[in-house]
Amino acid sequence: MQTAWIGAMAMGLNFFFGPISSALCDRLGCRVVSFAGALLSVSGLFLTSFIQEAHKMYVTYGLVWGVGSSFSYVSSIVVLGEYFNRRLALANGIASCGGGVGSLVTGPVINYLLASVGWKHSMRILSAFAGLLWIATLIFKPKENLQSTRQRRECTKLFDTSIWKSKAYVLWVTTVAVFQFGYLVPFIHLVRYAEDLGVPKSKGAWLIGFLSITSTLGRVVFGKISDFKFVNRLYPYQFSIFCIGVTTLLCPLVKNYAGLVGYALIFGFFDGCFVGQVAVITADVVGRDKLSQAVGNMFGTMAIPLSLGPPLAGWLHEAFGTYDEAFYIAGSVALFSSLMIFGVNCMIRKQSIARRQLGFKNDSSLSISEAETASDSVYIDTKSQLMLEEEHIFTNKLCKFHCALRTNKKLLVVERETVL
């Protein structure tokens, strides 16, 4: 039981530290944060292999590895926004395939290592595999000029709370958090549910494998679909969450192994849309420039319902002797979450109209929260639009002037001439 809580702590911190991870990505860059995450992950796994008492693993595995995985995971999502524009959805879908493939491979590999060399040597071998993350950090090469990147980061707030002023973002995060309440129920309890139906444990374990296969496929398929210009990314996402809700509600009606395989295949395919597109849609809501902070805050918010759902499902099983109630609740919250997306879409459409009235291009790099702030007083005449654009340009130059002042005198002269 104690080891289960250690794993739950590590999983929870992976998301709880999302706001901190994203803030560090903005200030230090994705490469530095990813390198630190790899260092913490390797250290956590390696130190755990020498621990004799389980309570010490709360520190080495739960805390150290949990924080390290958060740094690595968040930075790997944020860095895609710096490299891809037109094909961001597909790139994110392909990059997230590692999770689906990893679910297939790591389970059998870890079981083999445990049976062959024991858990201590297994942890050391896994720490060596985690060290491969250092090689991945070499790919995180900044595309911008290093000097301009340094100046921009110095002018960036460590924790940007302005994203919470966007009603669309608040509703979007709420929608994701509601869905997360029942999201992990099939992943954790589907095998146990199959055992209750008389399915052997060896066959039941394959259900998660089938789910992972179709999830990997779904990430690529929905990534490709979402990149088409005529596709509103919220529509395939909403349809996927709706299908997850319906199939999960119907799962308790299944009483044989073939039906459970069908459920796992369908759930996994539409789950691929959620995993691959949730960060991309977040960028559509807040703008590319605030993607890291928005994703980090979203992860921190969804960590609470994500952690509460599986224990509640286990308690319901103990209370009623069946998983039916747990799947009914998980399916219901997924359906409710899909209905909430109508509100998100309406808010995004409203702010897009406000942007066009202000004369802004309908670009994903622009923040909807900016248009939302301006929508209270829409400028219609050309003179007001020009004044707004001049003020925006002057503000950017003033920020660059301030950053140059903090670096060296040579840059100070250049930036002063630019402003004047």
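Here the Cβ of each residue, glycine as well, is placed from N, Cα and C on the backbone.
Per TrEMBL, domain 'Major facilitator superfamily (MFS) profile' is recorded for 1-349. The transmembrane segment annotation in TrEMBL covers 6-25, 32-52, 58-81, 88-110, 122-140, 169-192, 204-222, 234-255, 261-282, 294-314, 326-348.
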Per-region confidence, the domain 'Major facilitator superfamily (MFS) profile' (1-349) (mean pLDDT, whole number): 85
Two-stretch contact, the transmembrane segment (169-192) and the transmembrane segment (204-222), at least three Cβ pairs under 8 Å: yes
Contact call for the transmembrane segment (234-255) against the transmembrane segment (326-348), three or more Cβ pairs under 8 Å: yes
Considering the transmembrane segment (88-110), which listed stretch of 6-25, 122-140, 204-222, 294-314 counts the most C-beta pairs under 8 Å: 204-222
Contacting positions for the transmembrane segment (326-348) when only residues 6+ beyond its ends and CB under 8 Å are counted: 167-168, 171-172, 174-176, 178-179, 181-183, 185-186, 189, 193, 232, 234, 237-239, 241-242, 244-252, 284-285, 309, 312-313, 316-317, 368
Cβ-Cβ under 8 Å with the transmembrane segment (204-222): same-chain residues at least 6 beyond its ends: 89-90, 93-94, 96-97, 99-101, 103-104, 107, 186-187, 190-192, 194-195, 236-237, 240, 260-261, 264-273, 275-277
Stretch in 6-25, 32-52, 58-81, 294-314 most in contact with the transmembrane segment (122-140), if contact is a CB pair under 8 A: 32-52
Stretch with greatest number of CB pairs under 8 Å, the transmembrane segment (6-25) reference, 32-52, 58-81, 294-314 candidates: 58-81
